Amino acid sequence: MPFLLLLSLFCPALSEPIRYTIPEELARGSLVGNLAKDLGLSVPDLPTRNLRVSTEKKFFTVNTENGDLLVSDRIDREQICGKKSTCVLEFEMVAEKPLNFFHITVVIQDVNDNPPTFSRNITELEISELTLTGATFALESAQDSDVGLNSLQHYYLSPDPHFSLIQKENLDGSRYPELVVKAPLDREEQSCHHLVLTAVDGGEPARSCTTQIRVVVADANDNPPVFAQDMYRVSVQENLPVGSSVLRVMATDLDEGINAEITYAFINIGKEVRQLFKLDSKTGELTTGGGLDFEERESYTIGVEAKDGGHHTAHCKIQIDILDENDNAPEITLDSESKHIQEDAELGTVVALIKTHDRDSGLNGETLCQLHGNFPFKIVQDTKNTYKLVTDGALDREQTPEYNITITATDRGKPPLSSKRSVTFNVADVNDNAPVFFQASYMVPVAENNPPGASIAQVSASDPDLGPNGHVSYSIVASDLEPRALSSYVSVSAQSGVVFAQRAFDHEQLRAFELTLQARDQGSPALSANVSLRVLVGDRNDNAPRVLYPTLGPDGSALFDTVPRAAQPGYLVTKVVAVDADSGHNAWLSYHVLQASEPGLFSLGLRTGEVRTARALGDRDCARQRLLVAVRDGGQPPLSATATLHLIFADSLQEALPDFSDRAEPSDPQAELQFYLVVALALISVLFLLAVILAVALSLRRSSSSTRWSCFQTSAVCSKTAPEVFPNYCEGTLPYSYNLCAASHSSKTEFKFLNINPEHAPPQDLLCNEASWFESTSNDNPKMTSESVNLQQDSKRRCSLTRVRKAMRTRVTSSKHKSRSDIKALQLHKNSDLKRFT
């Protein structure tokens, strides 16, 4: 580990390639060098680093036990590099943990494994006998695949008195022989000469080959052909179409006739070149016979011979330079440790190593590696042709679970060529997403009287993470209910998020409550989210309307309202007041008349409950009216309640009380029969009570002769046997400021008021006299019972009420003589009192 730390500090030094030199044709398994030692890697760490060769055609392999670089395939220098003077194999070694490139260069040394060869075993050469001494004739050169010292070095000619051999060198360094005439030829003396040409290379040991040269001495032809140039130079593009013209050589001969006819032919070229180029023997035009490839060979030197009809020859050289075209797209090699990337990977994390190679040269061989598309990755160049693919942004598996990345390598040729390589990386999940509810808040209506255990709502949250990181459970964490009462109201399913009601809800007791639900995943650490759930308890029509007015008195007596006899249509008589504990439409009340003594005399407000006169009171109309009113709510089905209104047309209280004492007219024969039966029973009861009261009165008269009954003799109101109506009024059950009295429901009792003229009226009210009487009696008789005391106190209260009532009767009585405007003013006063109560 300390060595790896030092290695990371000296990474720039390791970017220089490791260089080895080996001879070709080494046996498989031969040692090239100890790569682990040269790279500074520890041998025990080799299995972990997974050191390997990153190339498609692998000539070498690494021994993971000791780090030796070994030969794994046959290395033929001539096959790999051809005629290049230096043969170099470059490749990269890939090491993991951390992922890195190591650049290796292996120089392949040539061995003398190929002898020189001639294309023909016998070469026939025709020379005129008039050829001057010193004339040269080019001979076919031998070919040797080896390079350097192992290539062709010398030519030797068998001894001959007429010929000698000189050796010349082409521009590319290759050697070729020329035959020199060193003595005059005489065809008649010797028409044919046989020579042996030997080619020898410079290897150890040297290799050689021979060819036979047959020189035929021709008849005299004193003018040889002459080329316009000794050296023709031309540059052509590679991939030139077959049959394309390269150039045209031309030679002239001063002779005439057949001696001036020139033919052209290749000389001193190998078989490969003969297949690539064609020479027209008549015109000297050089054309392509095959495809030219700059990557295989950059130039060619071709010898051309021109021969006339007299066997004179001339020679020239053609230098053909192949121009590189951008005809090779870059090649991409990709190496990575894994196809999975953690989504929380840091910026700059190395994902893969990239190597590019272009067989073209110059700008055509320079490549640029890049990514296309919007990806959180980028390519960082390491060396000239190696790159690193690193992270350049945050990864989010929930948005993009995998990346299909296309790497493009483009050269700088015109037009540029490119190649693509696709690789897919999967993003591994981490718990980086909290659950998210589908709604920001929930509001659920629940009708009251729901069955316990029923499902009332369901919350749902999603977590885009995978596995336990995305598994969500639900719970209740807060509520506006009491903590101890919460469990008795609602519960939630941890798996489904369904909220259950644990009891029946009552809208009148609990109209709404709020819960805070939590969704929590199973990641480590766990993430959670909260949402509010508001439960609205809806109303059902489970409460009937309740009539607030009119009501019965404390003693059970019915109440009545008085109506002035001069009341005009639209006069506000009274108002039925009712409430409903329900809400909304269920509490929307409507008022309906079920029964009326005089249909059409009164109207009832459908929504207000106001009772108004529909027309003026007629002479034939009864002064006492009864209305049975039904109050219905708006529920389905509707619930209702009833109220009975007793209305009396009277201008004073004294006038109303006797009328109210009379029996009500039955609305039908059956009701009249029942009424008569009740009246009969009431009369019998009254007679019995009168007899009892008379007996009690006589006994009291005997016991207290000093007691005076003048008050009770003047008014039936003060009679002890008469039902008391004023206490009901004094309790204030009706909110009106006009005269109102109640009658006893037990019997039909007649109240008789004295018709006292104003001038004969006593100075004090009778009820007040009654109170005075009770007071005097109490003073005279200290032993009065508690019942008498209570009666005295009640009488005092009635006294004060009587004074008010007297004033009101005076106002009502005087209303008979008032105009219609005064009656309307009285009605407005009455309406204001009614609204104040409502």
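Every residue gets a Cβ built from N, Cα and C, even glycine.
Any TrEMBL annotation is an automated prediction that lacks curation.
Annotated compositional bias 'Polar residues' per TrEMBL: 777-793, in sequence order. TrEMBL lists 806-819 with the feature compositional bias 'Basic residues'. TrEMBL lists 14-118, 119-227, 228-332, 333-437, 438-547, 562-660 with the feature domain 'Cadherin'. Marked as region 'Disordered' by TrEMBL: 777-797, 806-825. Under the heading signal peptide, TrEMBL lists 1-15. According to TrEMBL, the transmembrane segment annotation covers 675-700.
Ranking 228-332, 333-437, 438-547 by CB pairs under 8 A with the domain 'Cadherin' (562-660) puts 438-547 at the top.
A contact links the domain 'Cadherin' (14-118) to the domain 'Cadherin' (333-437), because at least 3 Cβ pairs that are 6 or more residues apart lie under 8 A. When averaged over the domain 'Cadherin' (14-118), pLDDT in the model lands at 85. Taken through DSSP, the domain 'Cadherin' (119-227) splits into 3 helix, 54 strand, 52 coil.
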